[in-house]
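As recorded in TrEMBL, the features of this protein are as follows:
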- 56-77: transmembrane segment (TRANSMEM)
- 90-135: region 'Disordered' (REGION)
- 149-333: domain 'Aminopeptidase N-like N-terminal' (DOMAIN)
- 370-531: domain 'Peptidase M1 membrane alanine aminopeptidase' (DOMAIN)
- His442, His446, Glu465: Zn(2+) binding site (BINDING)
- Glu443: active site, proton acceptor (ACT_SITE)
- Tyr529: site 'Transition state stabilizer' (SITE)
Amino acid sequence: MALDEKREKSASFTPMMIEEDAALRNGSRGLSGQWADAVGVRPRTTERHITVHKRLVLGFAISILALLVVTMIAVLLSVRFEECSTAAAADSPARASGNGSLPGAARLNHDAGEPPGRQEEAPGEEEEWQRRRQPPPWTQLRLPRHLRPLHYNLMLSAFMENFTFCGEVNVQIECLNASRYIVLHAHRVHIEAVQVAEDKLSGAVRVSSFFLYPQNQVFVVVLNRSLEAQRSYNLKIIYSALIENELLGFFRSSYVLHGERRFLGVTQFSPTHARKAFPCFDEPIYKATFKISIKHQATYLSLSNMPVETSVFEEDGWVTDHFSQTPLMSTYYLAWAVCNFTYRETTTKNGVVVRLYARPDAIRRGSGDYALNITRRLIEFYEDYFKVPYSLPKLDLLAVPKHPYAAMENWGLSVFVEQRILLDPSISSISYLLDVTMVIVHELCHQWFGDLVTPVWWEDVWLKEGFAHYFEFVGTDYLYPGWNMEKQRFLTDVLHEVMLLDGLASSHPVSQEVQRATDIDRVFDWIAYKK
């Protein structure tokens, strides 16, 4: 081959060799030309993976460190809070002797809206019962049976401008078995003073201490000596509380009239909320008589289970209404209201005065006339059907803007939400008329089944709700015979429906065991009402 050809070949091979050497030095497979372009150079990834892993480990370590710092800060703050609480408790003077700390004993729950104050606690009481190897009486799920109330004298003062009230309750109690403890229900109330006396001659029984125990919503009075069996005593408690905004206990509601918002206070005690309005033996078995007095501003009126006996007007614009004494009754259907409603009334042939209280504009429109008229007829019908006269001299129907239930059968003062009692028959539909009618029929039946005759405990709630639900159809059938409520609607709405429910695996006996107060609401179901 000629020298020129060799030089040309040598010149053509030299760039290729240089590219291959460069490719080898860069870590590729040394492919040249179009193969190198097609395959491309693969970069090393080990260094990048190591960098990513280091970043992840560093981020995780920082997160752990931040969590530890936050935990330490929280612990320090909680310790500081406990020290402040202990110091504040130590600075607060005690009103009763021997004021100490009882594990689990109650103080007022300020977060729940309870008024601040001092609650007495019994030092060493739980330890004493532990030494006896017996549970303290205030830790039991039901009230101890060594006492029973005979009569309550309850005096209230309602302050509607700041939604608070104060009260004084004097309970005449009978001691069945000797004990130095008085245990009754109280919840979300501030106890200011307690006195116990046997009678005017024997004088007072010294109170060692008193305290709230919120786990069971009870109030405990510890005495220096035991109460003697078969003797009566008077328990006096002065307290205060809020007119709540939660539709239970003694709560407030409001409405607008002529562009002005007006407020009212009303009670809802069933099943276990009377204890929020006054200390009491809040179980159905403890029937007693009640004498209630309510002090309020003269711009309001007050209602309760019984008629007003006397009203005392004071010069500062306040009035005190004293109500007649009730028959024997349980606490859950005791009731009162403070409002500025107006009313219309009628009278049964046996002289029972029936009034319907509602907003002034509703009374003026006649929205309560239908309910008022059928109530008079139904009382007369039930008296003839049961052969038992209505027990009280009056029955008030109170229509409120807000209520937790459709209605509540308080003896002599039944409370209804407005939508279940007010209507205009000229424009209301038949279905709405039927709903209002059946609610009123149901609640009026409770004046006999539930109020006059009361289950001993909530496991037999069917004794009042079952009969009242059945008489929804009997009473409505009396008012409207052409609707065939008892013989047709009862079969489809009650009998067939409850047979389907009772056939499910989730069904249960009509009588259900109830231990805790929190279990009571669950027994109010269709099995109890319809089965």
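Each residue, glycine too, has its Cβ placed from N, Cα and C.
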Those recorded positions listed as Glu443, Glu465, and which of them has the most Cβ atoms within 10 Å of its own Cβ: Glu443
CB-centroid shell, 8 A cutoff, Zn(2+) site His442, His446, Glu465, site residues removed: Glu409, Glu443, Cys445, Phe449, Gly450, Lys464, Phe467, Ala468, His469
Alpha-carbon distance [Tyr529 (site 'Transition state stabilizer'); His442 (Zn(2+) binding site)] in Å: 11
Averaged pLDDT, computed only over the residues in the domain 'Aminopeptidase N-like N-terminal' (149-333): 95
From recorded positions Glu443, His446, Glu465, the one whose Cα lies nearest Tyr529 (site 'Transition state stabilizer'): Glu465
Long-range Cβ environment of His446 (Zn(2+) binding site), under 8 Å and at least 6 residues apart: Glu409, Ser414, Lys464, Ala468
Glu443 (active site, proton acceptor) to Glu465 (Zn(2+) binding site) - Cα separation in whole Å: 10
Cβ-based isolation winner (fewest other Cβ atoms within 10 Å) among the recorded positions His442, Tyr529: Tyr529
